[in-house]
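> Take this structure, written in structure tokens, and hold onto it; I'll ask about it next.
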């Protein structure tokens, strides 16, 4: 957009009467929002733990609105744009952690995966709407700030919708139980599930959350160094790796620099060319809801990584070898091939890596560490997002479309990481997931039924310890000693001669509790 360039670009060509950016300024303007998002992720955990996720969303949305206002009112100072982007990024990063967590805690268990996937769906919808707005405003007459102020200012609408909408939504039941408001939490759970209080689903979920909160209260809030202790370190680094490779798939190479990328393919309207993959991205994300619920998490990530490797390799090869004729003109057929494989890449990404990475992170951590581990994992995502957005202009100026070979190899590596290290979490309870990661089972090996049964026994024992079974109390006792490679489940019956110990107890002796070392 010429008016935006005339205000913030650092290069002017008198011959062509055009403005352009140096690689450093373009990288900074594009990438500084990710710097703010990185720190916003880390700030999200203490704020949410203190005031709850619902109120946190209100606070961070207000921060977001202030950042947009600063951008819209910018005078010809690119430094103000950078500061405003960092400020806005703080809220975006925090909300990228809090919002999926809020969704997973409020949603009925049977719909949890699908509802969390809508987070990514609305991200893609926002990208598509932004592309449409850019398409409509870039032809505004030169000299008017409407070209870019409308594109930025429209974001105020989404912030206001979020701010008003969250007022009518309930607080997370988990947070309410943690602060002792159990009755209010139960009312919300009954309303969200459309079930009566005495229903087994409500009682099971309530007592599971209650036991989790009691355990967290007994151990105290997790401190940041604890997420790198031996018992959780494996999953902490694994979550960071999954979110890192979500960025290294190269999707944002298209979304950030789509107009520049497709201008090189010979398209007359680069804005229209960039709109095509955005539309594919938005439309195909609807399929992710069914893909993740039907095929799980591991398989879509592995297949998606391989698919995306093939697409990026062909894209890079055509761009490097066939896009330009010897006289320097564009080969439009080669350009069309590149756009097709860009769309095929996004078709896969929008249904696999885009939503599944967030679902994996949301399902993999024990309750006590969840908020901090999710914050660190998501901050890794924003950190690599910044590196890609900042260095892409330098790299493309140096090696052109060969850049795609790097992303192709990263897609293949990401698929290998998922195959080797990530367990399937679909349909498993938190206790089952903890058991899988604490055992020596390999993710690609069949899981013995005993490990799933142990997770169920833990849930049942937790429930019985609260509501009683035939007038008695059942208590689960976990043996923390290493008992070898196999596990067993032992029970003891009440001793009538000792009334003070007249309770049933169950002890599960399981494999090595330590998580695999990286």
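For all residues, glycine too, the Cβ spot is worked out from N, Cα and C.
What Swiss-Prot records for 1-27, 134-149, 258-271, 320-333, 396-402 is topological domain 'Cytoplasmic'. The transmembrane segment annotation in Swiss-Prot covers 28-48, 55-75, 78-98, 113-133, 150-170, 237-257, 272-292, 299-319, 334-354, 375-395, 403-423. Marked as topological domain 'Extracellular' by Swiss-Prot on the basis of sequence analysis: 49-54, 99-112, 171-236, 293-298, 355-374, 424-518. Annotation comment: Swiss-Prot describes 477-506 as compositional bias 'Polar residues'. The feature region 'Disordered' is assigned by Swiss-Prot to 477-518.
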> Under the DSSP assignment, what numbers of helix, strand and coil residues are found in the topological domain 'Cytoplasmic' (396-402)?
7 helix, 0 strand, 0 coil
> Do we see three or more Cβ pairs under 8 Å linking the transmembrane segment (334-354) and the transmembrane segment (55-75), pairs being at least 6 apart in sequence?
no
> Cβ under 8 Å to the transmembrane segment (375-395), counting only same-chain residues 6 or more beyond its ends: which ones?
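Hits for the transmembrane segment (375-395): 21, 23-24, 26-28, 30-32, 34-35, 37-42, 44-45, 89, 93, 96-97, 227, 236, 239-244, 246-248, 250, 252-253, 256-257, 357, 361, 403.
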> Treating G and I as helix alongside H, and B as strand alongside E, what does DSSP give for the topological domain 'Cytoplasmic' (320-333) in helix, strand and coil?
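Computed counts for the topological domain 'Cytoplasmic' (320-333) are 4 helix, 2 strand, 8 coil.
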> Could you tell me the mean pLDDT over the topological domain 'Extracellular' (49-54), as a whole number?
87
> Decide whether the stretches the transmembrane segment (55-75) and the transmembrane segment (150-170) have at least 3 CB pairs under 8 angstroms, with pairs required to be 6 or more apart in sequence.
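Contact between the transmembrane segment (150-170) and the transmembrane segment (55-75): present, because at least 3 Cβ pairs are under 8 Å.
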> Which residues of the same chain, at least 6 past either end of the transmembrane segment (150-170), have a Cβ under 8 Å from a Cβ in it?
1, 54, 57-58, 61-62, 64-65, 68-69, 71-72, 106, 126, 129-130, 133-134, 137, 188, 191-192
